[in-house]
């Protein structure tokens, strides 16, 4: 069995593809996997580190207005179709799977036109433009959120599978997570996730929460700032005389053992990328979600509203976010155990930890 996986630009497109690849290898031990991406996307560093071969093509996205850059993009993309055709002829895949991004569009479209079985996976509640275009040509469409189905015309192709997860994410217990991070297992843990590149407004709005943690010691706090924001946040902690490396309050630039942190947390404050949403719902974690306002097509708010609608999360728009608003929401939830239980149960109902297996079954049906 030979499969091409393609998707790139951001980790939100790449990591689901990697999870699917691992799922294929579990089912088909002798399967051969090839990733196709671009030199400029994150896939160029992530995919080789994950142990998979990667071939790159030149492809460019279109701007949303008429510009000379779009003329250049048309020329480059015509060449990229020829590159994709060459890759397909050389590798001879049994199936081509796209997980979003411009490179996915070119590769999957070429495969479909060549009569090769194809499927796409959409991570967000509001689908990206590439997958909306491809939906007409592919054989199957796998969705993370059922809400996304309204944006696709071809309902008979759709299956709601969830978002493929890292295999270890559901295997770690809360107790194991607490002990690995050095927190007290008898007190609730609040996890603030600023994103790998940092979320300035979330970090700034978290200071009253940190003060509350330090003064009352009723809950513990793990504050992940993002690499770029770490020094600035530490300065703010020090100005307010808040410790930032204790047994109950820790400030870190990045979570290198994320599955342990998610398992340990009783409540999360975070952005609303599809990957993180899928992981916290698979674990049944209640959350306070703050959508990134500049995400393409505002897809993070669509993701967040899907959880809010199911009473699994509270949503705060960044335009409404400040220190007092965030602290009030945190205090309300941590003091209201019945509400937390309800959100936990609803989050768990939304989670699909078997997403990878469901996608592999779709692949089997297309071979």
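Glycine is treated like the rest: Cβ placed from N, Cα and C.
Among the features that TrEMBL reports, UDP-N-acetyl-alpha-D-glucosamine binding site is placed at 10, 11, 12, 124, 166, 196, 255, 300. For residue 10 (UDP-N-acetyl-alpha-D-glucosamine binding site), the same-chain residues that are 6 or more apart in sequence and have a Cβ closer than 8 Å to its Cβ are 41, 42, 101.
In the domain 'Glycosyltransferase family 28 N-terminal' (4-142), the DSSP tally of helix, strand and coil residues is 66 helix, 24 strand, 49 coil. The domain 'Glycosyltransferase family 28 N-terminal' feature in TrEMBL is assigned to 4-142.
Residues annotated as domain 'Glycosyl transferase family 28 C-terminal' in TrEMBL: 190-356.
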Three-state secondary structure of residue 255 (UDP-N-acetyl-alpha-D-glucosamine binding site) from DSSP? coil
What residues, ordered by sequence, lie under 8 A Cβ-to-Cβ from residue 255 (UDP-N-acetyl-alpha-D-glucosamine binding site) and sit at least six positions away in the same chain? 193, 224, 261
Same-chain residues at least 6 apart in sequence with Cβ under 8 Å of the Cβ of residue 300 (UDP-N-acetyl-alpha-D-glucosamine binding site), in sequence order, are 124, 271, 272, 273, 291, 292
Least buried of the binding-site residues 11, 12, going by other Cβ atoms within 10 Å? 11
